[in-house]
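Notes follow the structure.
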Amino acid sequence: MLNSLDLEGRPQDTRVVVAMSGGVDSSATAALLKSQGYDVVGITLQLYDHGAATHRKGACCAGQDIHDARAVAERIGIPHYVLDYESRFRESVIDSFADSYALGETPVPCIECNRSVKFRDLLATARELGASALATGHYVSSRRLDDGSRALICAADRDRDQSYFLFATTREQLDFLRFPLGDMTKPQTRELARQFGLSVADKHDSQDICFVPTGRYTDVVERLKPNAMEPGEIVDLNGHVLGSHPGIVHFTVGQRRGLGIASRAPLYVLRLDAAHRRVVVGPREALRMERIVLRDVNWIGDGAIDQAVGDGLELFVRVRSTRAPQPAWLRAVGGGYEVELVAGEEGVSPGQACVFYDAADGQARVLGGGFIKSAAPRWSADGVRDDAASPALAAMRG
């Protein structure tokens with residue numbers, strides 16, 4: 001007989017570690033599992049030097065959060081531990097964040113944190129404590145498959161769905177993870193927290209990168225990668241110099257405001273050339289990308305990825321966490337993987353994730369994804385389709 005977490009045994013005989021960030025979501029998760037009779041242990045990771053972020057409204061993982069998590073644990077009567085992971089977090093997340101920006105990318109540190117810290121080290125700690133599962137407050141679900149493994153499923157509340165940030169979860173990790181809030185909305189979670197008498201029921205949602213206390217990511221990059229602040233040229237698609245800039249770290253793909261150059265027509269950042277310290281700008285139509293080259297691909301669909309992809313796999317992808325899944329094709333090309341966006345997408349930025357889904361709506365299954373290495377436009381600068389860079393995609397288009 002399986003319990004409500006799809007685990008063998010009675011709840012009272014099942015230990016579950018809850019990753020408690022100090023926010024309402026993870027707090028409600030811990031309280032809910034405790035009320036269902038599980039043997040709950042709360043763990044909070046101290047990830048960075050809190051400093052100026054300690055009491056800033058909307059910050060995540062700040063010093064106040066540790067206090068809040070401890071207070072919730074005391075309220076619901078569970079043991080609570082704080083683990084110092086500052087060194088690991090700095091090496092795995094903060095340093096790579098700065099490196100990525102210095103390369104002209106737009107990183108997603110939450111994905112790296114989940115992959116390199118929370119779902120690796122914290123999961124290992126949960127096992128050492130004799131837990132049968134690690135539960136989090138993410139808005140995402142998992143479903144038990146016929147073979148006993150688990151599939152990652154989008155949250156019922158699509159406005160809160162966090163599946164984009166969890167695509168790098170491995171199959172082994174997914175089998176051990178549980179997401180009790182996957183079928184709930186945020187208002188329902190807050191109401192649940194009120195029913196349990198939790199002090200964080202009305203706490204502000206985290207909105208910022210937790211280790212950027214001022215809200216200015218450039219401060220972090222400047223401190224760790226000062227070369228990213230070196231000035232350079234702003235050029236058009238033909239290489240004509242239009243102006244200068246104080247450092248590529250100040251720009252992102254798709255940006256229009258703050259370019260500091262005069263033009264009769266609106267110009268947008270199309271590409272960041274870190275090697276030459278150049279910001280390439282052009283018209284909005286040049287932002288539309290059709291082909292994406294991926295790196296660090298993770299597959300959590302059925303079977304092996306090569307068998308699933310074959311000569312081409314039709315699926316849906318998200319290239320930003322705030323965008324809806326769009327139809328695409330996934331293909332194996334030259335020892336790696338490429339995605340063709342059927343309708344194209346604007347503002348596809350290297351460093352972001354391209355996440356695979358089996359459907360565009362409803363509680364779709366996450367099939368995996370990869371990080372965007374590069375993207376090619378629907379049209380080249382001279383108005384010709386850019387098929388030459390990918391023979392496989394050119395053949396598919398006919």
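Here the Cβ of each residue, glycine as well, is placed from N, Cα and C on the backbone.
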*Co-listed ATP-binding residue [Swiss-Prot; alongside ALA19, MET20, SER21, GLY22, GLY23, VAL24, ASP25, SER26, LEU45] among GLY104, GLY130, GLY137*: GLY137
*Calculate the distance in Å between the alpha carbons (Cα) of HIS138 (site 'Interaction with tRNA') and ASP25 (ATP binding site), and round it to a whole number.*
7
*So how far apart do the ATP binders ALA19, MET20, SER21, GLY22, GLY23, VAL24, ASP25, SER26, LEU45, GLY137 get, largest Cα to Cα in Å?*
16
_Whole-number Å value for how far CYS113 (active site, nucleophile) lies from ASP25 (ATP binding site) (Cα to Cα)_ = 18
*Does DSSP put LEU45 (ATP binding site) in a helix, in a strand, or in coil?*
strand
*Secondary-structure category, per DSSP, in which CYS113 (active site, nucleophile) falls*: helix
_recorded positions: ASP25, LEU45, CYS210 - member with fewest neighbouring CB atoms within 10 Å_ = CYS210
